[in-house]
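> One structure coming up, written as structure tokens, with questions to follow.
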Amino acid sequence: MEVTFFGTSAGLPTKERNTQAIALNLEPYSNSIWLFDVGEGTQHQILHHAIKLGKVTHIFITHMHGDHIFGLPGLLSSRSFQGGEQKPLTLVGPKGIKAYVEMSMNLSESHLNYPITYIEIDDHLTYHHDGFTVEAHLLNHGIPSYGYRVMAPETTGTINVEALKNIGLEPGPKYQEVKSHDTFEHNGQVYQSKDFRGESKQGPVVAIFGDTKPCSNERVISRDADVMVHEATYIDGEKHLANNYHHSHIEDVFALIKEANVKRTLITHLSNRYNTEDINEIYQILIQNEDTPNFNFVKDFDSFKV
């Protein structure tokens, strides 16, 4: 899988950064793209990338602030003409997301040529699709804001060839049945496939956060995540300033990384007060501390393998 950022600024765009938008490429598990938040100008950002709107099957909105949703109506309209015709879309988000989209379409007399399934979250959500499990949990941002825990399908354990040979089953097409089915038959006897496979391995876990100040659900969402995408609107200065506005400070994120045993953290939603030079200088200062966990300040069009 791969995470790509189409917008990394907080609140307002800058000359260097667009407002929030993240793409999650599900390959090799699926040929689909999932978007998380669609800030103003997202569809224009996507034009500079190989991702096609027709491959976007799901959009997850973290919360209803404008820097996370103002690009949604335009992107949905353009999807009709960029490979999305008759391809269903699932839109997940807080209560009000359906009304927002439908009102925008109605008032602009825009017409989509594909169906949308709306899923509005009430406190929390567990959603299953193509072997993936997505959990949404409420954060603390003053308005309903959610974090998403995306769990890829389990990888089936390796076939124990010697054990199969011991029952007289030599390598061949039957091995695929052992790998992909719960049971298989050989010489008139039914066997449990799990007895001839190694332990299954949980697929990668990606945690993607909406805006929030520290809260207990953060640890639920990010526990043992392979990759965490988290906001740090404030990356210097006093922490209470961030928390007073229901946002996170870089110190909050570092604490969460350690508490939740996160392997890699990608920090986005940086205040427009910081330019690229500021961010690079702060990064160099932070990594001088041996206690600083593994993280990156991301910029628009950055991509990271999961």
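Glycine is treated like the rest: Cβ placed from N, Cα and C.
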> For the Zn(2+) 2 site that Swiss-Prot describes with Asp67, His68, His269, which of these is also annotated: Asp123, Asp130, Asp211?
Asp211
> According to Swiss-Prot, His63, His65, Asp211 bind Zn(2+) 1; which one of His129, His141 is listed for that same site?
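Looking at His129, His141, the one Swiss-Prot places in the Zn(2+) 1 site next to His63, His65, Asp211 is His141.
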> Which residue among the recorded positions Asp67, Asp211 has the fewest other Cβ atoms within 10 Å of its Cβ, if you could check?
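With the recorded positions Asp67, Asp211, fewest surrounding Cβ atoms within 10 Å: Asp67.
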> Quick check for the class: what is the C-alpha distance, in angstrom and rounded, between His68 (Zn(2+) 2 binding site) and Asp211 (Zn(2+) 1 binding site)?
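Pair distance, Cα basis, whole Å: 10 Å.
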> Within 10 angstroms of the C-beta of His65 (Zn(2+) 1 binding site), what count of other C-beta atoms is obtained when all protein chains are considered?
21
> Near the Cβ of His141 (Zn(2+) 1 binding site), how many other Cβ atoms are there if near means within 10 Å?
22
> Let me know how many other Cβ atoms fall within 10 Å of the Cβ of His269 (Zn(2+) 2 binding site).
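The answer is 26 other Cβ atoms.
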